[in-house]
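Colleague: Before anything else, here's the structure in question.
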Amino acid sequence: MGRSKLQIIGPNGEIYQPTLKIQRNNDPNKDAEVLYEAMKGWGTNEDRIIGILGYRSSHQRIIIRDQFKALYGKDLITELSSETSGHFKKLLKMLLTDTDKMNARALYKAMKGGGTDESTIIEVLCTSSNCEIEDIKTAYQSVLKDYGISDPRRTLESDVEDDLSGPFKNLVIALLQAKREEIPFEIAEQIQSKGIKSVVDMNLVEQDVETLWDAGEARLGTDEAAIIKILVSRSVWHIQAIAQHFEKKYGKSLIDSLASETSGDFESALLLTLNTCLNRPKAYADLLLKAMKGLGTDDCTLMRIIVSRCELDLGSICQEFERSQGSSLEEWIRSETSGDYRKLLLALIGAEWS
């Protein structure tokens, strides 16, 4: 699983904060033994399971899973699945699966069979960085094998081609190329002191601002291709500058402009792509709110975001969530979930649960 340091730095140079309280000097043998004892005999000690898996990095968890098999000849996911149930079981399985494979499996399920879960495709791919997309594409091949699909022509991109249509498909295919411009982390760190103009070509920014206006507001109909080209290829810093200059020049935010010129899944995907570039933690905070607001909770999305972001930027996401809602993510989780499932989610966001 490759991870770029650029994922933890914002367009203005701020460093995003995680929530996972990782125990750095863990002994994977001891952790495996504790998990085995927690499931041994009659009943299961869920708190001991949470005490281990709620405080280990994704890398540590995979090592623990391997060590469990080496010590006991059993698969840890299989054992936990037989001892737990419901959302708690699903969350444990997510924690013991490589993050990229977890996302790849979600995409496969979103497109298999009759009907398509467009919201999952949008949530996973429109928020992902170049390296995350490349890792998901690789993991998707492993997921296909897990489901008994050996056709070498089947890829994530080919499934998207078959399942989606129109400008929404074009946007997703463009994102899958993972060609967004990036700058070295060391230069990105200096943006807070030197300003965004130090890392972007302002002449190109002005050209892009005019192109986006001409592709939407200034014409009858919308030139989706021109919009897609800019939003999926320019760096997050460049897009930040575009948004600032667009509003200054035309008196309307880029988000509002694109929302007025697009619709449906294409609009949702385009706006999430843009919002992720402008403020990644805010984009995820909005997704978490959407997952919990209203009747019922979208637990799969809630779990997937918390598992995938707790080591990267979930602390910053929590700050944005509370800023926009006036109440904390912890409060919402306590209200919307229950039992051991709630305890494990709270552990992952760095809150007290015992």
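Just so it is clear, glycine is given a Cβ too, placed from its N, Cα and C backbone atoms.
Since we're looking at a predicted model, the values are computed, not measured.
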Colleague: Quick one: which of ASP31, ASP47, ASP163 does Swiss-Prot put in the Ca(2+) 3 site with MET111, GLY113, GLY115?
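Modeller: Ca(2+) 3 site check in Swiss-Prot: besides MET111, GLY113, GLY115, the record includes ASP163 out of ASP31, ASP47, ASP163.
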Colleague: According to Swiss-Prot, MET292, GLY294, LEU295 bind Ca(2+) 5; identify which of GLU247, GLU331, GLU336 is listed for that same site.
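Modeller: Swiss-Prot lists MET292, GLY294, LEU295 binding Ca(2+) 5, and from GLU247, GLU331, GLU336 it also lists GLU336.
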Colleague: Looking at Ca(2+) 1 binding as recorded in Swiss-Prot, which candidate out of GLU83, GLU118, GLU123 goes with MET39, GLY41, GLY43?
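Modeller: The one candidate that Swiss-Prot places in that Ca(2+) 1 site: GLU83.
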Colleague: Have a look at the binding-site residues ASP163, MET292, GLU336 and say which one has the shortest Cα distance to MET39 (Ca(2+) 1 binding site).
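Modeller: Considering only the listed binding-site residues, the nearest one is GLU336.
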Colleague: Quick check: with MET111, GLY113, GLY115, ASP163 left out, which same-chain residues have Cβ atoms within 8 Å of the centroid of the Ca(2+) 3 site Cβ atoms?
Modeller: ALA110, LYS112, GLY114, THR116, ASP117
Colleague: Spatially, and counting Cα to Cα, which of the binding-site residues is closest to GLU336 (Ca(2+) 5 binding site)? Options: GLU46, GLU83, GLU118.
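Modeller: Given the candidates GLU46, GLU83, GLU118, the nearest one is GLU46.
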Colleague: Based on DSSP, tally up the residues of the repeat 'Annexin 2' (98-177) by helix, strand and coil.
Modeller: 57 helix, 0 strand, 23 coil
Colleague: For the Ca(2+) 5 site given as MET292, GLY294, LEU295, GLU336, which other residues of the same chain have their Cβ within 8 Å of the site's Cβ centre?
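Modeller: The surrounding set, listed in chain order, is ALA291, LYS293, GLY296, THR297, ASP298.
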Colleague: Does anything in the same chain, at least 6 positions from ASP265 (Ca(2+) 4 binding site), have a Cβ under 8 Å from its Cβ, and if so what?
Modeller: GLU118, ILE122, PHE168
Colleague: For the recorded Ca(2+) 1 site formed by MET39, GLY41, GLY43, GLU83, name the remaining residues of the chain with Cβ within 8 Å of the site's Cβ center, in chain order.
Modeller: ALA38, LYS40, TRP42, THR44, ASN45
